[in-house]
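Database features (Swiss-Prot):
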- 109: active site, N6-AMP-lysine intermediate (ACT_SITE)
- 29, 30, 31, 32, 33, 78, 79, 107, 130, 164, 278, 302: NAD(+) binding site (BINDING)
- 395, 398, 413, 418: Zn(2+) binding site (BINDING)
- 577-652: domain 'BRCT' (DOMAIN)
């Protein structure tokens with residue numbers, strides 16, 4: 001019986017690969033269904049013999065409690081964007097200055113969601129979202145329901161692959177037609193539908209929506225020599241790989257490829273938002289390295305934004321967490337880049353004045369970066385009104401007088417008790433990059449604020465699960481889950497809290513730099529401007545902003561309240577001191593490490609005071625080389641740079 005079940009699993013997986021990945025089925029649907037039903041029957045009779053890669057796992061049926069966080073072993077980076085031929089030429093010039101013979105691979109930029117799949121001994125173990133690039137969500141049960149993802153590889157490999165999950169246009173239309181018939185809200189575009197589907201707790205819904213994938217990367221060390229080799233290998237392993245790509249050293253040929261793709265864009269079976277250009281040689285990629293956010297060896301050309309005419313009906317003025325008042329246009333609905341748009345940003349009051357935008361105007365609307373709808377300009381030939389846009393003099397939230405500082409383009413409310421600012425501040429405090437309180441999004445904050453359960457961030461920690469049961473949509477389990485998330489956030493390292501406080505000019509990166517230096521928020525709060533400005537050369541603008549914030553009595557009271565609730569005010573990483581063993585040193589990691597994950601090695605080096613970079617240069621002080629180290633090691637040796645091994649790092 002076990003032999004027959006294995007035979008059925010192998011056959012059905014092969015047939016599924018032919019159908020979904022290769023688009024070349026060798027059996028009829030009826031034959032497939034017959035074998036599938038036989039397998040379902042046998043698995044029901046012998047549940048102890050069900051295989052990990054059985055296609056029956058794709059059907060759904062599980063209802064998940066939620067998604068666990070997942071730490072990526074290798075970060076998922078963003079890409080540098082380009083919007084013109086000139087920017088591509090500048091990229092080409094930079095690459096060719098170091099590697100005159102470099103060639104590139106250009107491929108389609110699928111408009112979907114990044115996913116990472118990890119296989120152990122050839123069996124799918126983890127499927128995860130990109131998240132912030134370092135930490136995503138474990139969505140393994142959902143990716144198992146995507147038909148073109150192999151549950152088992154033909155070889156017993158330990159491998160992590162990255163790709164894009166998307167919803168085909170035909171499937172998007174089918175789902176929206178069905179939702180319309182059911183009286184449900186339609187999805188705005190295929191990307192939103194794919195995102196909502198991947199985060200579904202009901203796996204049956206995921207199986208029904210027929211998501212698809214294209215894979216483009218193997219994470220970590222590989223024996224392949226080029227990006228194109230990687231794609232060929234990934235395809236051979238059974239993953240879907242987009243066939244439309246070119247390899248060339250000529251930016252002229254890449255530009256021709258981009259133009260051809262742009263002409264075909266509307267006729268593809270899926271949405272794309274550009275073309276990705278990568279240095280083809282993996283050795284060159286390694287030597288070029290990364291910036292904080294993106295690889296230096298790749299760039300994403302974004303197609304020019306689609307533009308449409310719409311009538312400007314009215315303007316809403318909205319208050320952000322820093323008091324900036326932003327105008328948003330209400331428009332006659334238009335279809336724009338696959339989305340129905342009826343609202344668009346007008347940026348700020350100076351933009352309205354500069355463009356002479358008026359109520360009743362016909363305006364050109366586009367999507368900035370293919371994401372945010374914005375008003376570009378007025379079609380003056382269609383103007384019917386002579387009245388200038390009315391600009392508010394009072395805050396639409398609290399009624400306080402608005403100020404327009406000479407050095408700012410926006411109106412600003414400076415009332416610290418403004419309800420809109422407080423609500424936006426609470427949303428920011430709970431956000432992923434700040435205190436990361438899962439489940440406390442804008443709608444929940446709105447409900448808490450309306451019920452007068454929170455008026456400032458410290459109030460969040462005075463809530464209990466019973467408080468949430470007062471709110472619409474909460475049941476015992478969801479209330480307990482949110483309460484647990486709040487309690488867990490107390491243990492965050494203090495840079496998360498510092499960022500969450502919303503101090504002007506203090507982002508997530510600056511928060512970490514400050515806490516690495518001062519160790520605790522209390523130490524930072526009592527520091528003078530000179531001491532703060534000296535941290536990594538942050539400067540006086542940031543330093544004065546921090547000092548002004550902590551000089552306020554309400555900020556001092558807030559810190560005491562947070563501490564009384566047990567919120568951690570200390571940096572949990574290792575404080576970097578001037579006498580740290582690697583203080584001021586620039587270090588490069590290369591090769592395969594046997595005992596440490598690359599992220600762990602990087603964290604240890606940074607804790608010892610090092611600045612870890614992705615490429616070797618004359619400014620590099622030290623290279624830590626693992627096995628199979630390539631061109632970076634060779635370059636370090638040619639420059640006479642000190643080289644250490646992993647054992648040295650472990651002993652520190």
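Yeah, the Cβs are placed from backbone N, Cα and C, and that goes for glycine too.
Feature map: Swiss-Prot annotations on the structure.
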{"residue": "31", "record": "NAD(+) binding site", "Cβ within 10 Å": "13"}
{"residue": "79", "record": "NAD(+) binding site", "Cβ within 10 Å": "18"}
{"residue": "109", "record": "active site, N6-AMP-lysine intermediate", "Cβ within 10 Å": "22"}
{"residue": "130", "record": "NAD(+) binding site", "Cβ within 10 Å": "20"}
{"residue": "278", "record": "NAD(+) binding site", "Cβ within 10 Å": "24"}
{"residue": "395", "record": "Zn(2+) binding site", "Cβ within 10 Å": "23"}
{"residue": "398", "record": "Zn(2+) binding site", "Cβ within 10 Å": "17"}
{"residue": "413", "record": "Zn(2+) binding site", "Cβ within 10 Å": "24"}
{"residue": "418", "record": "Zn(2+) binding site", "Cβ within 10 Å": "21"}
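Note: the domain 'BRCT' (577-652) comprises 24 helix, 18 strand, 34 coil (DSSP; helix = H, G, I, strand = E, B).
Checking each of the recorded positions 109, 395, 398, 413, 418 against residue 278 (NAD(+) binding site) by C-alpha distance, the shortest gap belongs to 109. Same-chain neighbours of the Zn(2+) site beyond 395, 398, 413, 418, judged by a C-beta within 8 angstroms of the site's C-beta center, are, in sequence order, 319, 323, 396, 397, 399, 400, 402, 415, 419, 420, 421. On the backbone, the CA of residue 109 (active site, N6-AMP-lysine intermediate) and the CA of residue 130 (NAD(+) binding site) stand 16 Å apart. Residue 413 (Zn(2+) binding site) falls within neither a helix nor a strand when secondary structure is assigned with DSSP, and so counts as coil. Across the structure, residue 418 (Zn(2+) binding site) and residue 31 (NAD(+) binding site) are spaced 67 Å apart at their Cα atoms. Separation of the C-alpha atoms of residue 395 (Zn(2+) binding site) and residue 79 (NAD(+) binding site): 38 Å, rounded to the nearest whole number.
The two recorded residues, residue 79 (NAD(+) binding site) and residue 413 (Zn(2+) binding site), show a Cα separation of 36 Å.
A distance of 68 Å separates the Cα atom of residue 31 (NAD(+) binding site) from that of residue 398 (Zn(2+) binding site). Taking only the Cα positions, the spacing between residue 398 (Zn(2+) binding site) and residue 130 (NAD(+) binding site) is 39 angstrom. Here residue 130 (NAD(+) binding site) is positioned 36 angstrom away from residue 413 (Zn(2+) binding site), judged by their C-alpha atoms.
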